[in-house]
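Before any comments, here is the structure.
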Amino acid sequence: MRSNVHQGHVARKRFGQNFLVDDTIIHGIVNAISPQAGDVLVEIGPGLGALTDPLLERIPQMQVVELDRDLVERLRRRYGERLQVHAGDALDFDFDKLAVPGRPLRIVGNLPYNISSPLLFHLMEFADHVHDQHFMLQKEVVERMVAEPGSKAFGRLSIMLQVRYYMEHVLDVPPGAFNPPPKVDSAVVRMIPWPRHGDGRLRSPHADCDITVLGDVVTAAFSQRRKVLRNTLSFLRDQVDFDAMGFDLGRRAEEVPVGEYVELARRLGDKASGQAA
């Protein structure tokens with residue numbers, strides 16, 4: 001356990017700061033990431049460098065995105081030219097500009113739990129240029145991300161992310177691994193974007209579709225979780241033949257596999273495109 005926890009810095013609630021201090025957990029995360037010398041490695045919210053230190057023991061240079069101005073200056077003084085510090089909000093950051101042809105762009109971080117879902121959706125915009133992502137998140141969020149249909153955890157977040165990524169729950173992290181300790185358990189998730197075929201289609205287990213249409217469909221489906229889809233998706237009957245596609249509206253939203261939502265969104269998108277033409 002690290003003794004120089006805050007190094008004079010007071011954790012700020014508005015930034016959702018909980019500093020990782022357990023060396024066993026830290027090295028478990030770094031081993032899961034397995035950084036290589038040729039990687040373009042970017043850490044979101046490095047804080048006091050709990051992950052940055054051991055990562056830089058394995059690679060010569062890396063980059064970070066940090067919002068807290070006090071920490072930005074600390075990081076620049078501490079690591080010098082080995083660390084390129086981007087001062088700003090990861091929610092607004094253009095990660096595409098960090099991509100280098102021929103070098104894997106890898107994103108890692110102990111994400112602030114108060115912005116984790118918006119940040120995950122923001123990062124989807126850059127998935128075509130990202131090799132993989134490893135994030136520490138609230139355990140409940142990770143369970144929702146990797147949830148299977150039919151489980152209570154399965155929902156909008158599960159579907160939207162599983163369409164774009166292969167995901168794996170890597171390890172659990174107890175509150176005592178942080179200072180100050182959060183009130184919830186944490187976990188690390190690995191996210192690998194599905195690659196694309198030469199024609200641009202996603203090489204995933206699910207059909208490709210308009211992600212905006214999918215988001216609208218899934219939001220409507222889960223708007224009343226306790227009711228069957230006949231109540232939440234009936235407004236789409238004039239746009240798609242549910243019976244013809246074998247889509248059973250007698251189910252609840254969490255009982256429908258990801259692929260069926262994607263196929264529904266694809267048909268709706270095709271119909272909208274045909275009408276526009």
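Just so you know, glycine gets a Cβ as well, placed from its N, Cα and C.
Site annotation for S-adenosyl-L-methionine in Swiss-Prot covers N18, L20, G45, D89, N110, and the matching candidate from E66, E73, E125 is E66. In the three-state DSSP classification, L20 (S-adenosyl-L-methionine binding site) falls within a strand.
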